[in-house]
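Annotated in TrEMBL:
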type	residues	note
REGION	1-21	region 'Disordered'
TRANSMEM	41-65	transmembrane segment
DOMAIN	44-448	domain 'Amino acid transporter transmembrane'
TRANSMEM	71-96	transmembrane segment
TRANSMEM	121-142	transmembrane segment
TRANSMEM	173-190	transmembrane segment
TRANSMEM	202-223	transmembrane segment
TRANSMEM	243-262	transmembrane segment
TRANSMEM	282-301	transmembrane segment
TRANSMEM	331-348	transmembrane segment
TRANSMEM	369-388	transmembrane segment
TRANSMEM	394-417	transmembrane segment
TRANSMEM	429-448	transmembrane segment
């Protein structure tokens, strides 16, 4: 028997048999994040759970990975992607094992079990900061892709503008209003995360479409002999280039952040023993997509690979039907983000409600609270994407910090706290390593972003 097998087999087999009837228990739960609110639905399939978790992982971060190959080289870059997948699996295993020990069924209640009320509140705030920032960035990217954007006096036409010309109905604000009302709002109204399994499957398929197009273009250019051999190892020539290697750490550390949805997916599975295979299958699927996207993206664009590889598809590819392929990549990616939106929104709404109404009954049982929380958050995200000019810079700091807390610092802290005395020495060593890596990546992220902003402001002042 392993350390993870801390409950009897029959008890873990089915969610419906999870709780023992207690005649003295109140009819309504005292807190909405306790176990009683989760047993309304227990029939989620293995495949649906894999797609939902995979969609949580593969968001906008996939576009930044080819640029990490430019810094690290192919060999070290791919090795780091694989290493982070294994580290993420270990951190999720910590969450699940200590949740079983404490009989908790949410990330917030696990933090509450380990660190009390303030641990739960801190976790909920981090989910809010991370997910609101991520969703605002998604909406900004969708607006950029469909309606275009202007930077440094240069206008980059959006897909709709390129197809139909410039009109009021394909302007940024109107396109985002239609997207919000026609796509985001209906998908955000589902009360179960398993209800999003089909849109999640389509979202993963659209990410694969982007990958297939990238692979196809790279193969065509390989055959025509217009692609150079990519760099296999990092190019370190001085101290500056050495320190530059560490700037990719935040991108890799946050590439697999999905921890805030693991409990929701686990709670809806009929057989709770399936969650570990679900996690590992999703990580294997996403790692494959990440490695192939990084490899072929860097192979295609080489040292010209931009921080967001999507921007590379705004240029002439130098092949037949290049313009059509550019549009296909951009549209498929925008559609992918639209379908990722409700998966990231689901835990955001749950944690916002838990923060505002900690003693209320479960959110799914209150239609009024559910509606007001949903409308309020979608409105906030829409306003942030349209009317706050510096939102991107702000969330580069706060988003990176909150993400590594959710993915590594909190699971490691729960392990080191070890309230139920189930952690091994190996677990605690790994937990310390996770915290050191997470803190280091935060320091690097904050320093590199601050330096970039300072440098950009200095250049602006000199040219003014």
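A Cβ is built for glycine as well, from the same backbone N, Cα and C atoms used for every other residue.
As the structure is a computational prediction, the values presented were derived from the model and not from experiment.
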Selection from 41-65, 121-142, 331-348, 369-388, the stretch that has most Cβ pairs under 8 A to the transmembrane segment (173-190): 331-348
Interface present between the transmembrane segment (243-262) and the transmembrane segment (369-388) (three or more C-beta pairs under 8 A): no
Feature contact check the transmembrane segment (331-348) with the transmembrane segment (121-142), CB under 8 Å, 3 or more pairs: yes
Recorded stretch, among 243-262, 282-301, 331-348, 429-448, maximising Cβ pairs under 8 Å relative to the transmembrane segment (202-223): 282-301
Contacting positions for the transmembrane segment (429-448) when only residues 6+ beyond its ends and CB under 8 Å are counted: 87, 90-91, 94, 246-247, 249-250, 253-254, 396-397, 400-401, 404-405, 407-409, 411-413, 415-416, 423
Sequence-remote partners of the transmembrane segment (71-96) [C-beta within less than 8 Å, at least six residues beyond its ends]: 4, 65, 107, 110, 230-235, 244-245, 247-248, 252-253, 255-256, 258-259, 262-263, 266, 275-276, 279-280, 283-284, 286-287, 290-291, 294-295, 298, 407-408, 411-412, 414-415, 427, 430-431, 434, 437
